[in-house]
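Here is what TrEMBL says about this protein:
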- 52, 54, 56, 58, 63: Ca(2+) 1 binding site (BINDING)
- 91, 93, 95, 97, 102: Ca(2+) 2 binding site (BINDING)
- 39-74: domain 'EF-hand' (DOMAIN)
- 78-110: domain 'EF-hand' (DOMAIN)
């Protein structure tokens, strides 16, 4: 499954472009712009599984760094600061990784 099966290619392009500058990433605005906030919980979990590159059932910090590339190959890598901020926002139980439910909660709260 491709990200464009769930989200509009145009929305993805706009959202990734809006955060192309270093240190500009804001996950709340990004999830809204990309259309993820309006998706069903099932679709949000499908997006999670696309972003979970190693299929571990979790998005670890190393995968988070490349979250924008998960939406489109043209996306930039997040900085260490942005990655840590995103992990802090999503990792509700403090285990150092984001599970599907934590991801869904992060999207819902955005």
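Glycine residues also receive a Cβ, built from the backbone N, Cα and C atoms like all the rest.
Heads up, TrEMBL stuff is auto-annotated, nobody curated it.
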Using C-alpha positions only, work out which of the binding-site residues 52, 56, 58, 63 is nearest to residue 93 (Ca(2+) 2 binding site).
58
Please identify, among the binding-site residues 91, 95, 97, 102, the one with the smallest Cα-Cα distance to residue 63 (Ca(2+) 1 binding site).
97
Give the residue from the binding-site residues 54, 63, 93 that has the most other Cβ atoms within 10 Å of its Cβ, counting over every protein chain displayed.
63
Looking at the binding-site residues 91, 97, 102, which has the shortest Cα distance to residue 54 (Ca(2+) 1 binding site)?
97
Fewest other Cβ atoms within 10 Å: which of the binding-site residues 52, 58, 91, 95 wins that one? Let me know.
95
Nonlocal neighbours by CB distance (under 8 Å) for residue 97 (Ca(2+) 2 binding site), same chain, sequence gap 6 or more:
56, 58, 59, 60, 61, 91
